[in-house]
């Protein structure tokens, strides 16, 4: 029995899809456990680039199962568009499995997301407007429609009519807007469900069978720890728990099945949307990182905010997600900078702190305390071992590992699959 969880340690976009794809080659099952199509994974190999949102990164290995767990919220229409796009490019998707307990995103969730963000005005949280939050709200309110319900025509019809009646009153009272009608939704989404029917099953049983058979299971996280609804920069967070602990809830396996947790980070920091970002850069170094690193959101296309590496953030992520190994991506992006910086602590009201504050107002007052290290100019994109890295780049990574108290097991020097390097066996 062996399993690895891949989680983002920052605010998402760390390169989890790339690392999951890299590790998937030695896995038997790859499973997503949280989020929805608000996530964006970019995978590059064989001269081709693929952008995924809902489909697990393991889909590219046709002999392995790619599982969407019960903790994921699924927009059936968006999922079919993604699958059709892969099929058109010659990627088979018959190895996909979808939990029959996964919640369904419907048009009224997208409308609600839009209206609620508009109502917030200056207090907007930067939602992707994919209906993720409203779908999770319906789940907790126990009015959500699950994949198992979508497949049964009478069940779906009954639940949809009831929900639209409720949403109509809510939309009118809160936003003075109308809810998408039953006729706007039913036929299209029932048909989408029927197209997905062959993939829908009890994925918890699939995972349990894999463990019993001593197969290797890889759990693929979405977003990042700092977007976690409990442990992130609340309220500027996602609506689920991207931390490793949610694997058990989001896939239906026990905690004893988790063997290792790989925390994925960039050699710097990035963030999309609003919210605190203590090490954010607004100067030429920031411009360099954004352009060289192609820092634009996979899902939204928005320019990402960028900043120096923050060890306060990563120590927090290591603790709340139980990270055993670190994967550092995008080392090549920092090439050419005279000086690179690592945030080692914050100054809050004249005092040095080393842990991430829970209070948002305190966080806004935090000033990063930096340690400066010399940069490097050598091309690193073909490097395959730590020893081959320029001395300054190697010392930079070693200092990150030391500050965060976690070993580096993977490092990446470019976007392609072949530019990802394994320092130790993980399975």
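First residue shown is number 1, and so on along the chain.
Backbone N, Cα and C define each Cβ position, glycine as well.
Non-local contacts of residue 331 (GTP binding site) by the CB criterion (under 8 A, 6+ apart in sequence, same chain) comprise 267, 380, 389, 393, 397, 411, 412, 413. Residues annotated as GTP binding site in Swiss-Prot, with sequence analysis given as evidence: 12-18, 40-42, 304, 330-332, 412-414.
Per Swiss-Prot, the feature IMP binding site maps to 13, 14, 15, 16, 38, 39, 40, 41, 128, 142, 223, 238, 302; the stated evidence is sequence analysis. Taking the Cβ of residue 128 (IMP binding site) as centre and 10 Å as the limit, one finds 22 other Cβ atoms among all the protein chains shown.
Taken from Swiss-Prot, the feature Mg(2+) binding site covers 13, 40, and the record attributes it to sequence analysis. DSSP assigns residue 13 (IMP binding site) to coil in the three-state reduction, outside any helix or strand. Around residue 13 (IMP binding site), a 10 Å sphere centred on its CB holds 27 further CB atoms from the protein chains shown.
Marked as active site, proton acceptor by Swiss-Prot: 13.
Annotation note: residue 41 (active site, proton donor) sits in a strand segment as assigned by DSSP. The annotation active site, proton donor is assigned in Swiss-Prot to 41.
According to DSSP, residue 301 (substrate binding site) is assigned to coil rather than to any helix or strand. Every protein chain considered, the tally of other Cβ atoms within 10 Å of the Cβ of residue 301 (substrate binding site) stands at 9. Taken from Swiss-Prot, the feature substrate binding site covers 298, 299, 300, 301, 302, 303, 304.
Comparing residue 128 (IMP binding site) with residue 41 (active site, proton donor), their Cα atoms are 15 Å apart once rounded. Close to residue 304 (substrate binding site), meaning Cα to Cα within 10 A, are the following binding-site residues out of 13, 40, 42: 13. Within 10 Å of residue 18 (GTP binding site), as judged by C-alpha distances, the recorded positions found are 41; the full candidate list was 40, 41, 303.
Sequence-distant neighbours of residue 15 (GTP binding site) (same chain, 6+ residues apart, CB-CB distance under 8 A): 264, 266, 327, 329, 330, 412. Each residue contributes its Cα atom, and for residue 38 (IMP binding site) and residue 12 (GTP binding site) these two points are 11 Å apart.
In terms of Cα spacing, the binding-site residues 13, 223, 301, 302, 303 that come within 10 Å of residue 42 (GTP binding site) are 13. In terms of Cα spacing, the binding-site residues 223, 301, 302, 303 that come within 10 Å of residue 12 (GTP binding site) are 223.
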